[in-house]
Amino acid sequence: MESFVFLYLCTVCLMKRGDRMKSVYNGVIVMGLAIAIFFSYQWWQSTQSVQPMASESLLEEAHSTSLNHRSAVQEVEGERRASSSEPQSNDQLTYYSTGENIGKLSIPELNKTYDTFWGTDDATLHQGVGMYVSEWTTTPDEKGHTVLSGHRDTVFSELGELVIGDQLIVEFDGFQYVYEINDTWITDAEDRTVIVKKDEATLTVTTCYPFQYLGAAPDRYIIQSHLVATYEM
């Protein structure tokens, strides 16, 4: 009789333990699904800031500028002196609210246009492309060093396809700024020497590297370009 009671109690304990293990197992599954849904939503939200370019006219314009960018620079310099419609630079950087949509980045070679936001904090980069804010960087109208950043697995997944001579077009405050890529390189993710003050109008675009890396990527992919033309929109 005592053996029967002992076996019964053991069976009850095992059943209760099984129920607890089942509850833990179900909890882990639910938590995993919640995490997957959260990151999937963040990825989807970032990709919503990328659209096909509105028309081929911008691509043709960029290619035309690439073929004769020196003449374009001279023409723009002349217009800058003669026309009051040229963007007016300010003595101080115009500040926006962090995460505010301030313009667009278009890449004709990829046929993509990216919404661009003020700042490069995590929340802003989850929206799309972020404009770096610092004492060394400026908005395009200041004709200094403008730096844009974005995640490699969302907005900038195709950035590695660009080559020297390709165009980057920034829409900001009623003007289009056309830049031509003059250099690309890979550096350590912690390297901040790329974010420096420049006397010439420069656009630098950065993202993590390698592009297909899982987890926190160890490096950073850098694209540097110089201004070749400015157009009023």
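Yeah, the Cβs are placed from backbone N, Cα and C, and that goes for glycine too.
Residues or ranges marked as transmembrane segment in TrEMBL: 24-44.
Per TrEMBL, region 'Disordered' is recorded for 66-95.
For 84-95, the entry in TrEMBL reads compositional bias 'Polar residues'.
Residues or ranges marked as active site, proton donor/acceptor in TrEMBL: His151.
Other Cβ atoms within 10 Å of the Cβ of Cys208 (active site, acyl-thioester intermediate) number 19 in total over all chains. According to its DSSP assignment, Cys208 (active site, acyl-thioester intermediate) is in a strand. The active site, acyl-thioester intermediate annotation in TrEMBL covers Cys208.
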